[in-house]
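J.: This is the structure I want to talk about, given as structure tokens.
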Amino acid sequence: MTDTAESLDPLRLPLIGERLIEASAGTGKTFTIAALYLRLLLGLGGEAAYPRAISVEELLVVTFTEAATEELRGRIRSNIHELRIACLRGESDNPLYSALLAEIADKDDAAKTLLLAERQMDEAAVFTIHGFCQRMLSLNAFESGMLFEQQLIEDESRLRYQACADFWRRHCYPLTRDIAAVIHDVWKGPRDLLKSLDRWLQGEAPQLKSPPAPNETLAERHQQIIARIDSLKQQWREQVGEIEGVLENSGLDRRKFNRGNQGKWMEKVNAWAQEETLSYQLPDALEKFAQSFLLERTKAGGEPPVHPLFSAVESLLASSLTLTDLVLARAMVEIRDAVARESAAAVSWGLTICSAGLTRRCAATAARRWPAPFASVFRWR
């Protein structure tokens, strides 16, 4: 392994000796490993190729999380299938497959090799670091002196729940009663929050289309929402007397907006406007006085009712009256970071166990079993 950094070409990377590839998130680590896997299966790369083609059972891929192993296994399986189809057709629009096809002398034979590999992917050696340590300890239980049933942490679900519970204690316990009540309307506790988050805690972190401001707090958001609702309540109390005449003198279709319902709706909104604002819940009747709702119920060619209060109602209904996005954005980052830290500690423990338990004989056995291993690991900074 050299100390000189070089640009990476997965089609020409020498597959002899040790190779270190440093890359940040989203720069193509999965793509690169999957491409190198294809080269090894078919013995491609010219002078940079491995001395011989390697079967699926001889290839080892070790990565950091369960989600990453599933992503890698799926990508490798997909690449094998698509390259096999390209071999049968003799062409491909995919630049990677096209470049590999140019190196394949016997495409029919390559297609047979890839078909066999595709069928073996369920048994492919794609492990987390913990899983690899467990496999080596179990395969070499006698030589390592470790119990066959030695358990290493494999499932991250417990870590995710613990991190979520810690987040809940840090951020929700100190909340004032009014904000806590709003949060409680959405999630009763950390388990409910984790259900909302779980799909975003595995694999690459999702990119939020409209992330909240970095320094925005729950208290600030809550105060803004309450102020917005209170502002409309005040405007309603001050202007409700004006809108009855506006509605009566407009071109409303009274079959769709009859006077009896109008009175009931106004009573409900009047009662709400007099109440102290303790939640973000708006009365269903408020929608009836939104400008767009009234326009839709105006007769064809009729004069629609127009008033600043209707526009204010429309604006409030269209605004985001929630803390949910802020909580989810903060929790996603903090929980992912906490799980990464705990996993890193678990990895260190697992590697310590392995290094203490595996003898040189076991290491040699691993080298013979998997002559071409990949390790895609995470370094916590």
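Heads up, the Cβ atoms here are built off N, Cα and C, so glycines get one too.
Note that the structure is a prediction, hence the values are computed from the model and not measured.
From TrEMBL, here are the annotated features:
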{"type": "DOMAIN", "residues": "2-381", "note": "domain 'UvrD-like helicase ATP-binding'"}
{"type": "BINDING", "residues": "ALA23, SER24, ALA25, GLY26, THR27, GLY28, LYS29, THR30", "note": "ATP binding site"}
J.: So if I draw a 10 Å sphere around the Cβ of THR30 (ATP binding site), how many other Cβ atoms end up inside it?
T.: 19
J.: So if I measure Cβ to Cβ from GLY28 (ATP binding site) and keep only same-chain residues at least 6 apart in sequence, which ones fall under 8 Å?
T.: none
J.: Counting across all protein chains present, how many other Cβ atoms fall within 10 Å of the Cβ of LYS29 (ATP binding site)?
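T.: Counting Cβ neighbours of LYS29 (ATP binding site) within 10 Å gives 18.
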J.: DSSP secondary structure for GLY28 (ATP binding site), reduced to helix/strand/coil, please.
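T.: It is coil.
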